[in-house]
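Student: Here's a structure for you.
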Amino acid sequence: MSTRSGSAAELAIRGAHVVDPSSGLDGVTDVVVRGGRVAAVGRGRPAARELDASGLFLFPGFVDLHAHWRTPGREDEEDLESGSSAAAAGGFTGVVMMPNTDPVLDRPALVSGLVRRAERESRVRAFVAAALHAGLAGERLTEMRLLKEAGALCVSDDGLGTQSAGVLRNGMLYARSAGLPVILHCEDRTLATGAVHEGAAAALAGVPGTPASAEDVATAAALVLAAETGARVHITHVSTALSAALVGFFRGRAAVTADTTPHHTTLTDELVFALDGLFRVNPPLRPGSDREGVVGALRDGILDFVATDHAPHAPEEKELPLEEAAPGFLGHETAFAALYTGLVLEGRLSLGRLVEAMSCGPGRWVGGLGSLSPGSPADLALVDLGEEWTVSRRTLASRSSNSPYLGRRLRGRVVGTMVGGEMVYDRMGARLGVRT
C-alpha cells in the first residue's frame, strides 16, 4: 500500500449513522479523523475540514480474509492496482491475498517481494498468505518461520486443499510453533470430481456433481487435527450445513474460526440450469437447505466472518460449458450489497451482525483493524443503504467481469472508502467542505 499517513488537518465526518459493534456504536454521530487515525467520536467536534455524510451509514472498513489478486503470474486477470481498486469500491480496506499464484508463494523472497509491491501499488492494506506446503503440492512443508520473517500474515493451502492428514497435522504443528495461523480449503479431491453440487438440480440438468461430503469429510478432519495440535486454524468458504455444524461442535475444543461467502449465502445450485460456465465455483453453490444452514450459522456467530473468495478469470476461462469452465467468482464489489439485499432486507441477518462479520471480526483476526474507537486506524466505509444499482461490466473496477450477480439489481452501495485517513474511493461528489 502506498503511503497512508492521512492529512495532518482534522477531518470531521458529520451526520452519518455509525454502526460499529466493536465500540457499541449504532446511531447518528460524527467521527473525527486526524493523522490517519480516529481522533474522536461524538457530535459537534470542531475540525478544519468537514465531510457531510448525512443520510449515509458509516462502518469500520471491511476486511476480506480471502482473495485472489493473481499476482504474480496472471496479471491479465487481476493485478494489485485493479484488485485493490475493486476492493476499495466494495468498501474493503484490508485484503488477504491467497498463495496459489504463479509461482506459488512458497519462498521467503517471493513473499517479501509481494509485500513490497503491495506497499507501493495497492490502494488498501494488502496482506500475504504464504503457502502451507511447497508448490501447494501437499507434500513438503514450507519454511514457515522464514515466511513469517518475510512478511507473511498466515499460511494457507487454498485452491487445492491438503489431501494427506499426516501432512496437514505436521503443518499445523509447524505453524503453531512459528506463530502463524492456518487458512484451510477443506476438500477431499477423491470425492470432488464434479463441476457442481451433486443433487437434484445437477441430476435434472445432466451435469456431473460433487457430493457435499467432499467438503464435510475434509472439514471434520481439519477440525479434529486443529483440536489435537492446538494450531490457530481458520476454515474458509464453508458452504454446507453439516460443515457449519461441525465448526459449531468444535467451538471451544479448538482455536478455530470460519467464514462463508456472499454467494453461498445468497445463491443456490438452481443456477446450474443455466448451463453457463459463469456459475461454476468451488466449493459449488449448494441447495437451499444448505444455504439456510449456513445463513443460520452466520447469524448465530458459529461462522465468524464473511470472506469473498474474490477469484477473477479471463473471459476465455468462463465462456465455456459448465464442466470445462474455471471455478470462481468476483466478490469485492458486490459483497456488501448482495448480503444487505439478500439477508438484511429479508430479515435473516441484522445489519450489526453483518458489520461484525465483514469488519470487526476479520479486522481483529488480522490484528488492529475493524474498529472506529479513538486511536484506531481511520479505515472506514461510507454506504448509501437506499441506493439501488444494477451490476454490470461497466460498474466493475476489476480487470475481469465474472460476477454471478451480473444483471441483478442490488440495494446498498459503497460511496466512499478511507484507508489510514485517505480517501481511496469516492463517489460522494461535492460533500467535502472547509470550515471558515
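Keep in mind that glycine also has a Cβ here, set from the backbone N, Cα and C atoms.
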Student: For the substrate site that Swiss-Prot assigns to His68, Trp69, Arg70, Asn282, His313, Pro327, Gly328, which of Asn100, Asn170 is also named?
Tutor: Asn100
Student: Among His237, His263, His264, His310, which is the one Swiss-Prot gives for the Zn(2+) 2 site where Asp158, His185 also bind?
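Tutor: My reading of Swiss-Prot gives His237 as the candidate in that site.
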Student: Which of Asp300, Asp304, Asp309, Asp379 shares the Zn(2+) 1 site with His66, His68, Asp158 per Swiss-Prot?
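Tutor: Looking through Asp300, Asp304, Asp309, Asp379, the residue Swiss-Prot assigns to the Zn(2+) 1 site is Asp309.
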Student: Using all protein chains in view, find how many other C-beta atoms are within 10 Å of the C-beta of His66 (Zn(2+) 1 binding site).
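Tutor: Around His66 (Zn(2+) 1 binding site), other Cβ atoms within 10 Å: 27.
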Student: Binding-site residues Asn100, His237, Gly328: which have a Cα within 10 Å of His66 (Zn(2+) 1 binding site)?
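Tutor: Cα filter at 10 Å returns His237.
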Student: Could you say whether, by DSSP, Arg70 (substrate binding site) belongs to a helix, a strand or a coil region?
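Tutor: Its secondary structure by DSSP: coil.
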Student: Out of Asp158, Asp309, which has the highest number of nearby Cβ atoms, where nearby means within 10 Å of its Cβ, if these are the binding-site residues?
Tutor: Asp309
Student: List which of the binding-site residues Asp158, His185, His237, Asp309 have their Cα within 10 Å of the Cα of Gly328 (substrate binding site), in sequence order.
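Tutor: So the list reads Asp309.
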Student: Around the Zn(2+) 1 site recorded as His66, His68, Asp158, Asp309, what other same-chain residues have a C-beta within 8 angstroms of the site's C-beta center?
Tutor: Ala67, Met98, Gly159, His185, Thr236, His237, Ala307, Thr308, His310, Ala311
